[in-house]
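Q: Encoded as structure tokens, here's the structure I'll be asking about.
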Amino acid sequence: MQPTNPNQFTEKAWEAIVRTTDVAKQAQHQQIESEHLFLALLQEPGLALNILKKAGLEAAQLQQFTERFIARQPKVSGGNQSVYLGRSLDQLLDQADQFRKDFGDEFISVEHLILSFPRDSRFGRLLSQEFKVDEKQLRQIIQQIRGSQKVTDQNPEGKYEALEKYGRDLTEMARRGKLDPVIGRDDEIRRTIQILSRRTKNNPVLIGEPGVGKTAIAEGLAQRIINGDVPQSLKDRRLIALDMGALIAGAKFRGEFEERLKAVLKEVTDSEGIIILFIDEIHTVVGAGAVQGSMDAGNLLKPMLARGELRCIGATTLDEYRQYIEKDAALERRFQQVFVDQPTVEDTISILRGLKERYEVHHGVRISDNALVAAAVLSTRYISDRFLPDKAIDLVDESAARLKMEITSKPEELDEIDRKILQLEMERLSLQKESDLASQERLQRLEKELADLKEEQRSLSSQWQAEKDVITDIQSVKEEIDQVNLLIQQAERDYDLNKAAELKYGKLTELQRKLNEMEGGLATTHTSGKSLLREEVTEVDIAEIISKWTGIPVSKLVESEMQKLLNLDEELHQRVIGQEEAVSAVADAIQRSRAGLSDPKRPIASFIFLGPTGVGKTELAKALAAYLFDTEDAMIRIDMSEYMEKHAVSRLIGAPPGYVGYDEGGQLTEAVRRRPYSVILFDEIEKAHPDVFNVMLQILDDGRVTDSRGRTVDFKNTILILTSNIGSQYILDVAGDDSRYEEMRSRVTEALRANFRPEFLNRVDETIIFHSLRKDQLQQIVRIQLHRLEERLSDRKLSLSMSPEAIDFLVEIGFDPVYGARPLKRVIQRELETAIAKAILRGQFSDGDTIQVAVENERLVFKAIATPTAVPLS
């Protein structure tokens, strides 16, 4: 038979024949023989290698044998490089064609070629003798792989063992102990088993939010099947998870995807109920593989699902179920819904306790029970956009990974010594070049110090290595215990009770004793205070990871921070002058929050700041942001003058569907989603349209708002500050007259009620009235402003000295009770900053000078005083 017609062969078989030419040319052979074809088949992973592997043959050994055989054949060098079909290959192809007819196939496939080799009188005979391969064995393997399928197209290899290619056997993974234990979820698993036991429409679909444990329910069912903890109708069944991505990937031509899916479904139906399919993200089935004029996967599944021929478990989220499956009513009625709710905090703690051992073995650290409780409780409170138990498991996992990283990194004490040694060695090199007596004495002292440090370094290094080795040994023992427990379970399943008892009371007991000894030794090192490494995850680690994720300071208060919090009002007073009531109210709110006593279902605090312009309303918000986040930029500032139209509310929470900017989200909601812990300043609220405040009712009361895309944005860790100038004329009327304070307060409150609705005002924690500023307070503000100017001057190596008269002069011309401190800022800019700038440009001041400012003839005068250069100490 001449292999000139590719239409007689499948794609893979023809590719192998084409490669045969290259193999022969590389070996400098003029005739293509059967050995060249065999080597070409070995070089391409696929069906040929799979058949030979199942026959117990190693690909590497086969390749070596074939290459040695080819190397022994006579070579032809020079002349024409064309190759001809050899007699052995011609006969082999004829034999393959005969096998094709025997099998009832339409094309010569790879399996026909492989099956022909034992009948090859040239290379095949030697191969059979060397590796004990016979035709009968190969035929059985091919029948097993092909099942009842015939070669009816040119790509049949893609349809063989389709489930093995495109699925994962969950029951096999459960048998090998590869699945995590599933704790709880008994009701959902029971309902799934109940639906699977039906005669028709026996297809449960698990519906729930992402991360609540839908896939875990399928894994739990696989574990129950292995343990025999299922009804008779599910005994010895195989649960296979279908990988839709692998099924679609690489399907280049129309109809190729459908062929693959049909092959999978055929294997499932041929198993006569033994195989149960699990399709994670089942919504991907709807529309999968659909191109013009071809069917999608959902339509291929429908007939089998309805008749009960195919038992399938699906899993998808609520949104995707609504979006894809509910639209297809015919597909929806074939599935029975099983709702999977988010577990409670208590259930999550139980789940974490069940998984704890797996994570301890993986990371090689211990996880305290307090850490598990903290992960469940804190993730519920602070991570609102994800679901339990997923977010709590992630916290424990990342905390353990972080601690493992610390164990393998160099301890701080050792790192410090290493740096010091490096520094001293550099100093020693420098001193060795000096010959004077002082340098020689210093060198001797340095040598002694270096020797002591190196000794300490050796001691600490060996201690660190020893501790690291103990922790690694503990991990190895835990892994061994894990393996022994798995063997015990397998022995109990097989009713091999002698083996189970031998392992449980022999090997397992010995390993447990060994583990207890090692952990006891490590605990003694820790309690003695000599330990360099920490190997237990605590609640502090969990809190630190939450802080990293969200920016919310959840970690326990250390002594220095407690002191800082107690002095918070004093710190704020240094920046905001003359507003004791406002500063105290804000400081109290922060102290309540950090002590953990604020209401977890509302924002940390919400204030309305009322007062005339320039008295420190916005400045207090900036000071607070600077204290909490070390930068004023962390404040989310919303200028309400931009929200004067009714429709502008969409800018806060996002444009509704169908409008331009829908995908961008809202200015407020997106900022808070990215930074859940922040100070939000709504400046000049009286300028905004009244309807804008309807959005704020939920924020102030429940600490949450739903944006235009239906996502709940959490405001529970924010401080809301709203500023307004309403009633400022009444505040100015009583400036400095404390006896009329109550009268002024009631008039300001009336003005506020006239402008805002009661349901809005009633939700704000506190309305604070800022007083107009007095002259003596302006003096303090001048000093603050001058301090900032001094910081800017220090960049030019200049310092500033102001006489008391100069400060009084600035206050006098900058004082205006109506406009507050802002005119003062302009006066400093005009009278002081501009004059200094001009003097610098004229060259009046040089580096290191002190600028002395005094008053003469009702104007500021400047004098340069040279600062003496510092004499270095010998």
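Every residue, even glycine, has its Cβ placed from backbone N, Cα and C.
According to Swiss-Prot, the protein has these features:
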| type | residues | note |
| --- | --- | --- |
| BINDING | Gly208, Glu209, Pro210, Gly211, Val212, Gly213, Lys214, Thr215 | ATP 1 binding site |
| BINDING | Gly611, Pro612, Thr613, Gly614, Val615, Gly616, Lys617, Thr618 | ATP 2 binding site |
| COILED | 393-527 | coiled coil |
| DOMAIN | 6-148 | domain 'Clp R' |
| REGION | 9-73 | region 'Repeat 1' |
| REGION | 85-148 | region 'Repeat 2' |
| REGION | 161-342 | region 'NBD1' |
| REGION | 343-551 | region 'Linker' |
| REGION | 561-772 | region 'NBD2' |
| REGION | 773-874 | region 'C-terminal' |
Q: With CB pairs under 8 Å as the measure, which of the listed stretches 9-73, 161-342, 343-551, 561-772, 773-874 comes out on top against the region 'Repeat 2' (85-148)?
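A: Stretch with maximum Cβ contacts: 9-73.
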Q: For the binding-site residues Val212, Val615, which one has its C-beta crowded by the most other C-beta atoms within 10 angstroms?
A: Val615
Q: Please list, for the region 'C-terminal' (773-874), how many residues fall into helix, strand and coil according to DSSP.
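A: So the region 'C-terminal' (773-874) is made up of 52 helix, 20 strand, 30 coil.
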Q: Reported as an integer number of Å, what is the Cα distance between Val615 (ATP 2 binding site) and Glu209 (ATP 1 binding site)?
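A: Each residue's Cα considered, Val615 (ATP 2 binding site) and Glu209 (ATP 1 binding site) end up 49 Å apart.
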Q: Specify all same-chain residues, apart from the site residues Gly208, Glu209, Pro210, Gly211, Val212, Gly213, Lys214, Thr215, whose Cβ lies within 8 angstroms of the center of the Cβ atoms of the ATP 1 site, ordered by sequence.
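A: Leaving out the recorded residues gives Ala216, Ala315, Thr317, Val340, Gln342, Phe387, Asp390.
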Q: Rank 9-73, 561-772, 773-874 by Cβ pairs under 8 Å to the region 'Linker' (343-551) and hand me the top one.
A: 561-772
Q: Report the DSSP secondary-structure composition of the domain 'Clp R' (6-148) as helix, strand and coil residue counts.
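A: Looking at the domain 'Clp R' (6-148) with DSSP, the answer is 99 helix, 6 strand, 38 coil.
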Q: Using Cα coordinates, what distance in whole Å links Thr618 (ATP 2 binding site) and Pro210 (ATP 1 binding site)?
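A: If we compare the Cα positions of Thr618 (ATP 2 binding site) and Pro210 (ATP 1 binding site), the gap is 41 Å.
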Q: Which has the fewest other Cβ atoms within 10 Å: Gly208, Pro210, Gly213, Pro612, Gly616, the binding-site residues listed?
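A: Result for the binding-site residues Gly208, Pro210, Gly213, Pro612, Gly616: minimum number of other Cβ atoms within 10 Å at Pro210.
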Q: At a 10 Å cut-off from the C-beta of Thr215 (ATP 1 binding site), count the other C-beta atoms across all protein chains.
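A: Here the count is 16.
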Q: Sorry to bug you, but what's the C-alpha spacing from Lys617 (ATP 2 binding site) to Val212 (ATP 1 binding site), rounded to the closest Å?
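A: Roughly 45 Å, rounded to the nearest whole number.
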Q: Could you pull the average pLDDT for the domain 'Clp R' (6-148)?
A: 78
Q: Between C-alpha atoms, which of these binding-site residues comes nearest to Gly213 (ATP 1 binding site): Gly611, Gly614, Lys617?
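A: It is Lys617, whose Cα lies nearest.
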Q: So of Thr613, Thr618, which of the binding-site residues has the fewest other Cβ atoms within 10 Å around its own Cβ?
A: Thr613
Q: Between Thr215 (ATP 1 binding site) and Lys617 (ATP 2 binding site), what is the CA-CA distance rounded to a whole number of Å?
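A: The Cα atom of Thr215 (ATP 1 binding site) is 52 Å away from the Cα atom of Lys617 (ATP 2 binding site).
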